[in-house]
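Pulled from Swiss-Prot:
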ACT_SITE  ASN534  active site, proton acceptor
ACT_SITE  CYS536  active site, cysteine radical intermediate
ACT_SITE  GLU538  active site, proton acceptor
DISULFID  CYS319-CYS574  disulfide bond
SITE      CYS319  site 'Important for hydrogen atom transfer'
SITE      ASP326  site 'Allosteric effector binding'
SITE      ARG356  site 'Allosteric effector binding'
SITE      CYS574  site 'Important for hydrogen atom transfer'
SITE      CYS840  site 'Interacts with thioredoxin/glutaredoxin'
SITE      CYS843  site 'Interacts with thioredoxin/glutaredoxin'
Amino acid sequence: MHIIKRNGEPQPYMREKIIVAISAAFRSVQNPLAPEVPAIITDLAAEVERQLFEMNRAGVPVHVEKIQDFVEKTLTKYNHSDEVKSFILYRDDRTKKRIAREQIACCFTDSSVLGVLKEIQQDFPFPEYSLDALASKFLLFKKEVTDERRSMQLLIKAAVELTAQEAPQWELIAARLLMLDFSLALGTSLEKLNIHSFYEKITYLEEAGLYGVYIRTHYSRAEIEEAATYLECSRDKLFTYSSLDMILRRYVIRTRAHVPLETPQEMFLGIALHLAMNETQDRMQWVKRFYTVLSKLQVTVATPTLSNARKPFHQLSSCFVDTVPDSLDGIYRSIDNFSQVSKFGGGMGLYFGKVRAVGAPIRGFQGAAGGILRWIKLANDTAVAVDQLGVRQGSVAVYLDVWHKDIPEFLQLRTNNGDDRMKAHDVFPAVCYPDLFWKTVRDNLGASWYLMCPHEILTVKGYALEDFYAEEWEKRYWDCVKDARISKRTIPIKELVRLVLKSVVETGTPFAFYRDHANRANPNGHRGIIYCSNLCTEIAQNMSAINLVSVKITEVDGQKVVVQTTRPGDFVVCNLASLVLSNIDLSDDKELREVVRVAVRALDNVIDLTYYPVPYAQVTNAYYRAIGLGVSGYHHVLAQQGIDWESDEHLAFADRIFERINRAAIEASMTIAREKGAYGCFTGSDWCTGAYFRKRGYVSEDWQRLQREVATHGMRNGYLLAVAPTSSTSIIAGTTAGVDPIMKQYFLEEKKGMLMPRVAPSLSQKTCPLYKSAHAVEQRWSIRAAGLRQRHIDQAQSVNLYITTDFTLKQVLDLYVYAWEVGMKSLYYVRSQSLEIDLCGYCAS
């Protein structure tokens, strides 16, 4: 027997559907069902079925509405009055939903529209997500529009504009509609190109120069076709409108005519194929694991990895840090390095602390040096000029020590007044502070501070002051102060603090780097020193300048060539990814450890697979094998777990979860070392000697066991954890950025000609009180939490401070001192409510 659907199509009769409908009527009255009810339901279904078969034998077509009439009459006949009322209401509700669906679907010829609308009604059954509201707004927008593509865009716009604090899930509904629109357009494009499989798509993209040839070189057709079976299109439902919109606009592969040819899930799979490419054992299993954590939004990779993995130019690393030497060729080499890094989408940190100050001698000529500002302006102009094919200008943070003679002028680089010839508005200044500075500020604000030229110290004393830290640095600093041969620029420390705070309030910068904290905790202090951090202040790794060894003229193939030989120094590279805490079951230690294990493995593979814009980066990366695993969704997970930001419970959570993440990351790196070998300078490191564990007070039996295993097997990665800001990728994951509190629970952003609502993730009556905005949060709670996290993070964190217009300069200063007291290694922006700040996309892992 066949049943006639409402659209006139026949479908096979299924008794189970009748049982489901009757069961729903009974459950609406009594839930759970009484023991005797299932038998009653079976008998009622049999009675309905008997009437249907009689009708069918008589040659009368059986329509779906007739079945519902029979159910209603049968319930009435056997005196199930409450159930009848429920069933009538159910039918009425279904009718209303069907009418709302059809009001929208009739505007489109593709039948998949109706299917998506049905799915939306099933997944969002609450009244505030009724399709009646969507239909009303859509039809109001549509009016005389007949073009189906334009109509679909208006339907999406209607869903987006229905998003509100009281109905935040309209953003998920809008994403479903956006995915439908994208899929329909993509299907048409693929049909024209005669592409019917993932393998055919990769082949076409490769031949078009849009996909790396290395994928098909490393994988057989059978392996790529197996990988295609891993695709889980249902995971597209995890996207919000904002996240899907960003992926489709920025990250899926498009033709040179800007036609998209890749789905979000294929993007994740392509990245997984790239990152697993060099695996020699269980390679396809690693492809699946990488794809799983990416597609389930449990891990986000850095923006360059998301953009460039699987493509011909596969620069996968986020940020680079260079030590600028005190020589003409060295300075220009650093500027050239920055231009190459920027060309391929990386951000840069430049340490200028070795460059001589204004008035220093050059080749014995007194007063000849022009100081660091003219070189910083060169970096500024390079950032503007090398703009990544017009996509965005380069970004560079410039670091200087607080005792450098040029620091007062440096602190005015971006302020609004003063000589514009001394400004560099397109760089991000940052200051490196020793402990002595903050001790003096805290204990004796009336004291003097002595500024000196690093070149002069090197000439007179025979050592570079910046090459020391903590007590040894302090001893040598006072030795230099007392040495009459070294000229000093004396400034009241109060005046220097005033210049810092004035710039911070006006521009949000300079960033702060607490160099003594960073170097005390450096697990590779036996091989060098950390002068500064990177563009987003989360990286803390050994640094040293590139040095020219020789220049020789020789002959190759009968022609004269000039050969330069350089020592590569320690040119820092940041390979970043983030755990999305809100998308991981943190109560399940096995799940957390598995996700961390997969993320660490993927990051370790990035080191061998990335394209290096400069060779010095490749040497350093291969030697230290440094990675930076961080987190996003921090405020989101606090809200999910019912934890107030301003509470001791938050502090306990921060300490506990980061210890677990750290242990899992160390275990993962140690496991890879056992398989592939330890990083180049493991021997003698804090990892090797056990000092890493002792410094952090890791004394439990589990930690002692892990310490012994690390000593035996080594560590694959010299640096492990670093918390990036994740400003872009947190949007993709539908969560909060980094470890910062949210800016607002809800706000409107104008984009593409419409108002885009931005809603705090998982916003509900329960989470609403827990989403206190960043500027309303007592900042000391944020700093205390950061201090507790820092114990478990071998590198640093991108932590912003948020101030209101009510803050005094003294209150801002107190926050800086407090951050130093709790052991933080860096501070990123100070974000005032009256200040617009450009967010960095480079470390958006």
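Including glycine, each Cβ sits where the backbone N, Cα and C put it.
Sequence features annotated in Swiss-Prot and their locations in the structure.
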residue	record	DSSP class
CYS319	disulfide bond	strand
ASP326	site 'Allosteric effector binding'	coil
ARG356	site 'Allosteric effector binding'	coil
ASN534	active site, proton acceptor	coil
CYS574	disulfide bond	strand
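Per-site Cβ counts within 10 Å over the recorded positions CYS319, ARG356, ASN534 peak at ASN534.
Between the candidate recorded positions, ASP326, GLU538, the densest Cβ environment within 10 Å is the one around GLU538. Local packing around the Cβ, expressed as the count of other Cβ atoms within 10 angstroms, is greatest for CYS536 among the recorded positions CYS536, CYS574. Only CYS319, CYS574, of the recorded positions CYS319, ASP326, ARG356, CYS574, have a C-alpha within 10 angstroms of the C-alpha of ASN534 (active site, proton acceptor). The recorded positions recorded for this entry are CYS319, ASP326, ARG356, and the Cα of CYS319 lies nearest to that of CYS536 (active site, cysteine radical intermediate). Comparing C-alpha positions, ARG356 (site 'Allosteric effector binding') sits nearest to ASP326 among the recorded positions CYS319, ASP326, GLU538, CYS574.
On a Cα basis, CYS574 (disulfide bond) lies 9 Å away from GLU538 (active site, proton acceptor). Residue pair CYS319 (disulfide bond) / ASP326 (site 'Allosteric effector binding') shows a Cα separation of 23 Å.
Each residue contributes its Cα atom, and for CYS574 (disulfide bond) and ASP326 (site 'Allosteric effector binding') those atoms are 24 Å apart.
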